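According to Swiss-Prot, the disulfide bond annotation covers Cys46-Cys78, Cys56-Cys68, on the basis of sequence analysis. Swiss-Prot lists 43-86 with the feature domain 'CHCH'. According to Swiss-Prot, the feature motif 'Cx9C motif 1' maps to 46-56. Positions annotated as motif 'Cx9C motif 2' by Swiss-Prot, on the basis of sequence analysis: 68-78.
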Amino acid sequence: MSKPRQSTLDPEDKKYLEIPDSEVVLPAAVDSYLRQKLKDQSLKECSSHVAAFADCSKDKYISVVWECRELQQLMKNCLVEYTTSERLIGMKREWVDASKKRIYEKRLQKELESKEPTPKK
């Protein structure tokens, strides 16, 4: 197993944020993952509302429409509150910033390696 990579970056160093966003590509798989993560977080935050609606609708078919309407609306309002585009944008921003940090660390590492003297034979 490989060891976890040690960061060569000072935790206070925020120069990596100077890397333009255009150098970081958000792959479709990451976008999909972040959307799923947002959905999972929202369901966790609204678990009491989701459970209440699920309990109400257990033994009902068509009557669920009018018998569980209030619980469904509470669940929907909660999910809408937590599943916002602002939260998704924030998650994407965190991912982009983490990518910038990795890019910056790689550049620093290359600079350090290029400055090291080569051993003479």
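Note: Cβ is positioned from N, Cα and C throughout, glycine not excepted.
A sphere of 10 angstroms centred on the C-beta of Cys46 (disulfide bond) encloses 22 other C-beta atoms. If you take the Cα of Cys68 (disulfide bond) and the Cα of Cys78 (disulfide bond), they are about 15 angstrom apart, rounded to a whole number. The separation of Cys56 (disulfide bond) from Cys78 (disulfide bond), Cα to Cα, is 17 Å. For Cys56 (disulfide bond), the same-chain residues lying six or more positions away in sequence with a CB closer than 8 A to its CB are Val64, Glu67, Cys68, Leu71. Across the range of the domain 'CHCH' (43-86), the DSSP-based residue counts are 34 helix, 0 strand, 10 coil. A 10 Å cutoff on Cβ-Cβ distances gives Cys68 (disulfide bond) a total of 19 other Cβ atoms nearby, all chains included.
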